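As recorded in TrEMBL:
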DOMAIN    42-110  domain 'Amino acid permease N-terminal'
DOMAIN    127-634  domain 'Amino acid permease/ SLC12A'
DOMAIN    643-780  domain 'SLC12A transporter C-terminal'
DOMAIN    805-898  domain 'SLC12A transporter C-terminal'
REGION    84-121  region 'Disordered'
TRANSMEM  155-181  transmembrane segment
TRANSMEM  201-225  transmembrane segment
TRANSMEM  246-265  transmembrane segment
TRANSMEM  271-292  transmembrane segment
TRANSMEM  326-344  transmembrane segment
TRANSMEM  364-384  transmembrane segment
TRANSMEM  441-464  transmembrane segment
TRANSMEM  494-511  transmembrane segment
TRANSMEM  523-540  transmembrane segment
TRANSMEM  560-593  transmembrane segment
Amino acid sequence: TLFPAVTGGSFLGQYSVSPPLSGGDGRGYAVEENGGYDVNGVASRSSAVLSGYDTLDSPPSYDFYANTEVFGRTRKIRPSLFQLHSNPEDDSSPPPLYEETNGNKESPEDEPTEPPPEPTRFGWVQGVMVRCMLNIWGVILYLRLPWITAQAGIGLTWIIILLSSCITGITGLSTSAIATNGKVRGGGTYFLISRSLGPELGGSIGLIFAFANAVAVAMHTVGFAETVQALMEENGSRMVDPINDIRIIGVITVTCLLAISLAGMEWESKAQVMFFMVIMVSFANYIVGTIIPASPQKQARGFFSYRADIFAENFVPNWRGPEGSFFGMFSIFFPSATGILAGANISGDLKDPNVAIPRGTMLAIFWTTVSYLVISATIGSCVLRDASGHINDTIMTGSAAGDCLGTACSYGWNFSECIANKTCSYGLSNYYQTMSMVSGFAPLIAAGIFGATLSSALACLVSAPKVFQCLCKDKLYPVIGFFGKGYGKNDEPYRSYLLTYIIAVCFILIAELNTIAPIISNFFLCSYALINFSCFHASITNSPGWRPSFRFYSKWASLVGAVVSVIIMFLLTWWAALIAIGIVLFLLGYVLYKKPSVNWGSSVQAGSYNMALSYCMGLNHVEDHIKNYRPQCLVLTGPPSLRPALVDFVGTFTKNQSLMMCGNVIIVRPSPEAVDAANSSSHVTWLNKRRIKSFYQGVVADDLRTGAQILLQGAGLGRIRPNILVMGFKRNWNKCPPTSIENYISILHDAFDLQYGVCILRMKEGLDLSHQMQAHSNATEPGPLLSNLSNVTFSAAVDPDSLTALPQPTTIFQTRQEKKTIDVYWLSDDGGLTLLLPYLLKRKKRWGRCKVRVFVGGEIQHVEEQKQDLTALLSKFRLGFHEILVLPDINEKPQPEQQIRLNEVLKDYSRDAALIIITMPVGRKGACPSTLYMAWLETLCRDLRPPVLLVRGNQDSVLTFYCQ
């Protein structure tokens with residue numbers, strides 16, 4: 001043992017004791033043999049009385065960090081700080097409220113006797129690599145890659161393939177990094193982006209990516225339908241006409257695929273394995289076909305097996321048609337590389353997504369890139385661009401060879417007529433089924449096309465609903481939640497399947513592959529850009545939570561991938577790129593406006609923290625200047641919901657301009673419960689709902705003054721710290737004990753000692769709503785709700801959530817003010833704060849219609865002179881205050897029934913004002929009794945109908961008429 005036994009009745013938190021820990025509520029806390037804790041204290045498996053040598057601390061355990069449970073095994077609970085720190089013999093300190101986490105614990109008889117059915121899970125080969133390869137090997141491989149090779153030439157085709165693979169490869173690395181930074185759930189690409197960049201961008205890209213996959217279903221299905229229609233044409237069969245035949249075949253096909261998807265992931269996975277085997281056989285068949293010597297029939301169609309001069313001719317581009325350009329070919333080919341996220345899109349169905357996604361995705365990109373390069377090079381080395389297909393187009397013996405056009409002339413074929421007339425039916429540039437013609441057995445290529453197109457369509461048909469379901473469950477957008485419901489052990493989104501099916505059918509009716517492909521290119525590129533940016537942003541923020549186990553990525557490569565993806569979007573189809581970006585921005589703006597209550601620890605949050613920290617540190621190097629002075633207010637509100645008028649008033653002139661911090665002092669013995677109540681997030685929630693831009697800080701102290709001192713000295717960060725204390729006027733001061741008045745006035749003295757300005761707001765109806773809350777509480781639940789401390793205190797027994805749940809009345813500071821006046825009584829020069837506050841109010845729309853009047857004291861024989869001097873001073877300050885009144889009679893004796901002359905003046909001049917602002921006199925500390933000073937303030941603003949704001953600056957200038 002490392003420590004001696006505990007003796008003498010003293011207890012240390014790290015030692016266990018024989019009786020179970022218990023709180024004031026009678027609950028026990030017993031330690032278990034395995035280091036876990038039964039919070040109810042009724043299921044302890046301790047086999048012996050624990051001695052003072054035993055420690056209550058538990059060794060590290062997986063259960064402490066997991067948020068899921070294993071069937072049949074009790075989940076261990078980490079001992080709380082209360083259990084370690086509290087004295088088990090002290091019944092006066094019950095456990096804090098936040099430890100009561102077992103209220104919904106099932107009784108033993110309610111627990112299920114059998115484990116829930118285990119959903120189907122896939123490994124990295126079947127779940128990711130095969131699925132990604134099948135989705136990449138789509139319709140473009142068989143039906144468009146030979147045509148692209150004819151247009152761009154072998155050289156540029158390789159560049160197109162490598163550029164696409166470079167973008168997808170970087171994206172694959174970024175995806176792998178994000179996928180290995182924590183446990184991945186269902187939702188695929190949307191889940192990765194939203195949990196990295198937050199709901200704003202994640203939600204917008206989730207909708208776009210799900211829609212792009214739904215359109216991709218149509219693209220691959222149309223490719224399949226084109227192949228079937230071509231086979232029907234070759235055999236002289238037709239249903240209606242070529243276009244409508246493709247539509248009919250496409251709709252029937254996607255309906256069959258929907259049936260497979262609805263059957264479950266097991267059947268879908270088996271179908272994918274079958275398609276993969278078919279494609280492998282078709283590849284082998286194609287390679288064998290390129291080696292077999294060409295028959296006369298194939299030569300008539302332009303196939304001559306491997307020829308160096310054919311390779312040389314086809315190496316350079318030969319652009320034709322409206323799509324005949326590098327980026328035109330790139331836009332058609334790029335969707336064939338977009339299947340890299342097929343495995344990630346079913347992340348919820350993988351055994352170990354953190355391993356499967358990186359390994360399967362990167363291997364799929366590698367092998368498919370190799371296959372594209374090989375097929376492009378081999379078919380470009382074997383087949384001419386143009387051929388007639390006529391077996392009789394040979395060069396007759398003795399005919400003039402000079403009239404023959406093209407490389408075929410050297411092999412005894414003359415395709416000059418169709419080349420000149422541009423009527424050739426075969427060759428790479430004219431015949432989409434070239435791979436079937438080259439292969440050893442054409443039906444196997446047709447089977448490969450069927451396998452590639454159907455597998456890609458099936459993968460997209462599964463991906464789109466899975467992504468959309470996760471988006472629907474997060475409830476970022478209205479209405480779509482209907483499609484998030486899952487069914488069965490795999491939580492299959494049947495409703496999302498039907499929606500995807502409807503979208504796919506709509507695009508199948510276009511029936512033109514070259515029209516559909518560019519539509520989805522921008523959507524996929526937009527998704528890739530955000531995935532790469534997510535990885536870059538998470539890396540650049542240096543968040544401690546960014547710890548991907550996949551190390552083979554670069555934040556700068558991710559940034560390049562994001563930028564290149566955006567550039568290519570505009571180079572492909574600039575108007576489609578603008579539409580895609582516009583949709584993203586619209587959806588982004590909606591989520592920013594709605595502010596969904598989700599917190600995923602995104603890199604945006606980490607970046608915001610870094611920026612805020614950097615700017616705060618930067619301010620330390622800049623000296624304060626009068627021109628940049630801002631009233632940064634510490635408002636002693638108590639719970640903000642109890643003084644909404646005070647919060648609304650200060651929020652009016654600080655919103656989007658300066659610091660506002662609501663302070664709450666809880667007068668109670670420090671305890672975890674009190675600290676938790678003081679800093680409850682419900683107070684911030686209330687401020688946010690009221691659209692008040694304010695911080696909140698709660699403290700626990702033995703008395704009001706001590707708590708206020710803590711706030712005055714500790715609030716803020718660096719130069720972003722309060723410089724003005726704002727309080728409510730203490731209405732019931734004459735009924736309070738002297739210590740309460742002393743504390744209140746002492747807070748003012750403490751603020752002045754700390755060079756704070758002070759503002760006190762008084763309203764005729766008062767500021768404190770605690771009596772209304774008390775009445776509401778008595779009507780619903782018996783017993784005291786709030787303490788009788790009427791200024792800034794709050795009973796620790798109150799649940800803060802109960803305050804924010806109560807209806808809050810509107811205040812006069814929430815509505816637009818009428819055409820009244822803001823009367824400013826600048827009786828003493830406090831540095832200009834008395835003038836600055838009404839100026840800031842006047843700039844706000846709510847107070848814009850009010851006129852500011854400035855009153856000053858004077859002598860009757862110098863009224864005009866004093867008015868001119870003050871007018872000149874205010875004009876230099878550029879405040880826009882033009883109505884100035886000198887009060888020569890302010891020093892006269894009051895009426896017999898009055899006590900203070902200034903109160904008479906206020907009633908005479910400002911009875912109908914919207915707001916009265918008065919320079920507050922300063923009571924000398926230790927010389928002016930607190931009760932006398934309080935009585936003077938009471939008499940000064942007594943019986944005034946408008947709100948009164950008593951203002952006193954710290955005697956430092958806050959206004960200047962100099963430009964530097």
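Placed from the backbone N, Cα and C atoms, the Cβ positions cover glycine too.
It is 441-464 that, among the stretches 326-344, 364-384, 441-464, 494-511, forms the most Cβ pairs under 8 Å with the transmembrane segment (271-292).
Counting Cβ pairs under 8 Å to the transmembrane segment (441-464), the top-ranked stretch among 201-225, 246-265, 494-511, 523-540, 560-593 is 201-225. Of the candidate ranges 201-225, 246-265, 326-344, 201-225 contributes the most Cβ pairs within a distance under 8 Å of the transmembrane segment (494-511). For the transmembrane segment (246-265), same-chain residues at least 6 beyond its ends with a Cβ under 8 Å from one of its own Cβ atoms are 120, 122, 217-218, 221-222, 224-226, 228-229, 239-240, 271, 346, 349, 454, 457-458, 461-462, 465, 488, 490, 492, 494, 497-498, 501, 504-505, 508-509, 511.
Sequence-distant contacts of the transmembrane segment (326-344), counting only residues of its own chain at least 6 positions beyond either end whose CB sits under 8 Å from a CB of the stretch, comprise 124, 127-129, 131-141, 144-145, 148, 151-152, 156-157, 160-161, 163-165, 167-168, 171-172, 175, 179, 188-189, 192, 216, 219, 317, 350, 353, 356-357, 360-361, 364-365, 368, 372, 456, 459-460, 463, 514, 517-518, 520-521, 524-525, 527, 568, 571-573. Note on the transmembrane segment (523-540): residues 167-168, 170-171, 173-175, 177-178, 181, 189, 192-193, 196-197, 201, 205, 208-209, 211-212, 215, 334-335, 338, 341, 546, 553, 555-556, 558-559, 561-563, 565-566, 568-569, 572, 580-581, 584, 603-604, 606-607 of its chain, located 6 or more positions outside it, place their CB under 8 angstroms from a CB of the stretch.
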